């Protein structure tokens, strides 16, 4: 890199920048006739380009590049104002609040691409994505700075979908290749209708289908999840669920509510009759049999008398089959006991 000492510039003609000449900093840079003194830490940490230049050992008897005003590194093809905008990213007094115009972010993006500052480039893209820009201007800017073309899929689609074709000046901004691809996309977006005619103005392909057409024409593969997370804004945390998620394998229509550790209405293994585990046969017998059978069999087989007084109706109601096994048999035993009391 060219330094002030090598260039033969007159030090008297140089002026220190009023903000970004920091006396306690350790990296001296020169843009046109404006001196900058900033912290090399940011440049070595963030930029492979600067890191490679600044870590070159100095020759014996010479100063390391950028270590003093006389060995300041000259940065070319930019203005002092543009470099000051770039430095603002590191010295922003409002920390995480980065409010700047589209033109400022365009400059920051361009310099970040030139000097290989990947994190600064990602920041500039995120901020530009929130700004209003003409589609053609955005496409041109992103093309010039090698921005991931996944960001441009909706911009290409908008040009394919709009009624007006590209103007001459727009075509010159986009270049021949992109202009031809947009023209092909506009044709594809106006596919032939069922009757065979082609809509001259209104596109017949929209949304995700049109995006798929654009990806195919421009040969843009979807971004990986890691790239999306890195280039997008910080995602909003997902709220914590208010209740435990349901088991996707469970069938809520057949699972009875649980009370006290077992399904409501269920009969324990001790209560179930081994000859009739469902209890339905014996519950039915308790309803159908008369007083004689109800008295004799109520306690052992769950048989009840459906014709003996109001108490016998308990056997009917409880013996109605439920989802849990053995509930009918329990009802039959209840009916039998009531009939025994009735005979006494």
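Each residue, glycine too, has its Cβ placed from N, Cα and C.
These come from TrEMBL:
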type     : residues : note
COMPBIAS : 243-258  : compositional bias 'Low complexity'
COMPBIAS : 288-309  : compositional bias 'Low complexity'
COMPBIAS : 314-324  : compositional bias 'Polar residues'
COMPBIAS : 326-337  : compositional bias 'Gly residues'
DOMAIN   : 25-99    : domain 'BTB'
REGION   : 229-344  : region 'Disordered'
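Here the domain 'BTB' (25-99) returns a mean pLDDT of 92 for the predicted model. Under DSSP, residues within the domain 'BTB' (25-99) fall into helix, strand and coil as 26 helix, 13 strand, 36 coil.
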